[in-house]
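Working notes, structure below.
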Amino acid sequence: MKRVGAHVSIAGGVENAPLNATAIGAKAFALFTRNQRQWHSPPLQKASVDAFRRHCEAGGFDARHILPHDSYLINLGNPDPDKLERSRKAFIEEMERAETLGLVLLNFHPGSHLNAIGEEECLGLIADSINLAIKATDRVTAVIENTAGQGTNLGSRFEHLRAIIDRIEDRSRIGVCLDTCHLFASGYDLGTAEAAERTFEEFDRTVGMQYLKGMHLNDALRPLGSRLDRHACIGKGMIGIEGFRYIMQSPLFEEIPLILETPDSEGWKEEIELLYSLE
């Protein structure tokens, strides 16, 4: 089964995320487990955790189909030792929050070298950060998201993802989330079924489909290779509908969260219906 959903709000409490997902007909969802633009957040309360788990069960959401995202402030490749330590501590806390909620995945952006160190050194720092977090926690899989190639962010090339994975000590707890807008922005074509097939074949050769734990389904506002992270609604951007038809019809993407992050949250229910109509 294809598990299409969206990145839903936790306004009023994390326990509202599965309710918001159910309301739009989602079969998966993503969420922040805290304010993503602050370093410090209060611990999760037992009542919220219990309600979250109860609502997930009622909505039929298995932990494999829920893709929490870490804070945007975290940079696991930060060249500044003090800031790197702060990011590592926050990342471990994010992993712990996911575990508290009974979740098994944590989606994150790899990191940025900030023009202060080279790519290889930064990739090494990112991998070291992940290894530390895996050792400090019990079961959550760290899910690296590919990036659009903006600025000094790493992760836009499949080779970056492979280089990180190669340095991970426990590869049973590392995975990848592919964002379609980011793929397109970094030069991986999805505009036709044939182009999409070539892109995912390249991903399989370079990284391995066994590492794919989720996807973000977003059309792209800017042309192929723009290196700009600008999302568009499904079928209304430069990717177009055929790449998404390929994803919805391919057996490669069964039983992983396929998460909308498109600009119009009011239209997510209709976009989910549109995607299922492509099967």
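Quick reminder: no glycine exception, Cβ is built from N, Cα and C everywhere.
Zn(2+) 1 binding, as stated in Swiss-Prot, involves His69, His109; the candidate among Glu85, Glu145, Glu159 given for that site is Glu145. Swiss-Prot annotates Glu145, Asp179, Glu261 as Zn(2+) 2-binding residues; of His55, His65, His216, the candidate listed for that same site is His216.
Cα-Cα distances to Glu261 (Zn(2+) 2 binding site) place none of the binding-site residues His109, Glu145, His182 within 10 Å. Taken residue by residue with DSSP, Asp179 (Zn(2+) 2 binding site) is part of a strand. In this structure, the CA atom of His231 (Zn(2+) 3 binding site) is 10 Å away from the CA atom of His216 (Zn(2+) 2 binding site).
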